[in-house]
Amino acid sequence: MSHQPAVATKMSGEMDKPLIGRHLDSDGSLAEAPSGAPKVGILGSGDFARSLATRLVGSGFNVVVGSRNPKRSAGLFPSAAQVTFQVDAVSSPEVIFVAVFREHYSSLCRLSEQLAGKILVDVSNPTEQEHLRHRESNAEYLASLFPTCTVVKAFNVISAWTLQAGPRDGNRQVPICGDQPEAKRAVSEMVHAMGFMPVDMGSLASSREVEAIPLRLLPGWKVPTLLALGLFVCFYAYNFIRDVLQPYVQERKNKFYKLPVSVVNTTLPCVAYVLLSLVYLPGVLAAALQLRRGTKYRRFPDWLDHWLQHRKQIGLLSFFCAALHALYSFCLPLRRSHRYDLVNLAVKQVLANKSHLWVEEEVWRMEIYLSVGVLALGTLSLLAVTSLPSIANSLNWREFSFVQVK
Ligand SMILES: NC(=O)C1=CN([C@@H]2O[C@H](COP(=O)(O)OP(=O)(O)OC[C@H]3O[C@@H](n4cnc5c(N)ncnc54)[C@H](OP(=O)(O)O)[C@@H]3O)[C@@H](O)[C@H]2O)C=CC1
Ligand SMILES: [Fe+3]
């Protein structure tokens, strides 16, 4: 079998985009990494390996990819990355990313000799069932297969899409764990160079915890959702007393029919406004605190820090309540009670012998609701189309890949 390296050809589409300040060749592909740049190996040629290679090349690393079939995979990688057979790819780099699923780790054992003494970065994520089935984390399993290597867990919380699109504020942190401080430092420096923020999570024994992070769906939503629900209950109770109970007690008027639609609709904007103010308030408090302390280099108290971190979720819930309010208001005239009101109005009009009826307030209300409803629907569909991957990311669907496949 020939072990000739097959050098990657130019990739198309999204993968051509420069990442961190790297210049492009005239043909639009990523330029060669400067000679003398640190060499990094990647085992595997799947979605994650491709995005990782693109970002590493863009961050100035010399990348060599090890594939079982380099000829087939070469065209999918940036031209600056070298795609070759696994055994050739692992011989010179000191740090090797294992972008392969856990069930295939054992197939790499034949490389044990070449891998001896190297740093292996485990990027894998178990599924929920795998996480429950195996007591030992993927990283610990890899370490047991390669006792002569140093295993570091990193990058599992970063999706292939985030690697391609570049880090954003919400997903910049990369938890790292490993037993050797030197190896952890080397990987942390790479994480930094790629534009992410390393977070030390301790020894390799913590890797099970790190591997569980992407399994948590909707992280950071519990408190804001409970807050929104609490506000809803309070405002609903207030509106019920004001609009239904009080007329019943004072005037014996039965307005209980208002409970499912009208009272809910009056409650929604109250919740939306309070939530919106809770998005802006912590920023003001943080600024005031910094002014009082005279420095911005001191940690905020925990409660304020948590509050600041939940602003995105609170804001989205506020938008959700406002959109629901627009929808409910749009549906108000569909109610039978509204038709009775109209008939009553018409009867009154006949009795009063008036020829023309035009309730200005009603007319304006409907025009505005319709306009807001259409605008909200348009904005929502635009948002859904343009930011589906980032929404998926914020919901923590980490494995959501948007990788250009040739
Ligand atoms: N996709 C994502 O967004 C993320 C993925 N990860 C992790 O990265 C790892 C790779 O994921 P991903 O790239 O999406 O998966 P893919 O299925 O796209 O790629 C897996 C790669 O493994 C290689 N491989 C090596 N040995 C074997 C073998 N014996 N059988 C089958 N394949 C083998 C193959 O490359 P070749 O054929 O060239 O040898 C293949 O391309 C996983 O552990 C995953 O949990 C982590 C975070 C996010
Ligand atoms: Fe309104």
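Positions of Cβ are set from backbone N, Cα and C atoms, glycine also.
Where the annotation comes from TrEMBL, it is an automatic prediction and has not been curated.
Range with TrEMBL annotation region 'Disordered', chosen from 1-32, 65-96, is 1-32.
Confidence over the domain 'Pyrroline-5-carboxylate reductase catalytic N-terminal' (39-126), given as mean pLDDT on the 0 to 100 scale, stands at 95. Sorting each residue of the domain 'Ferric oxidoreductase' (270-403) by its DSSP state yields 107 helix, 0 strand, 27 coil.
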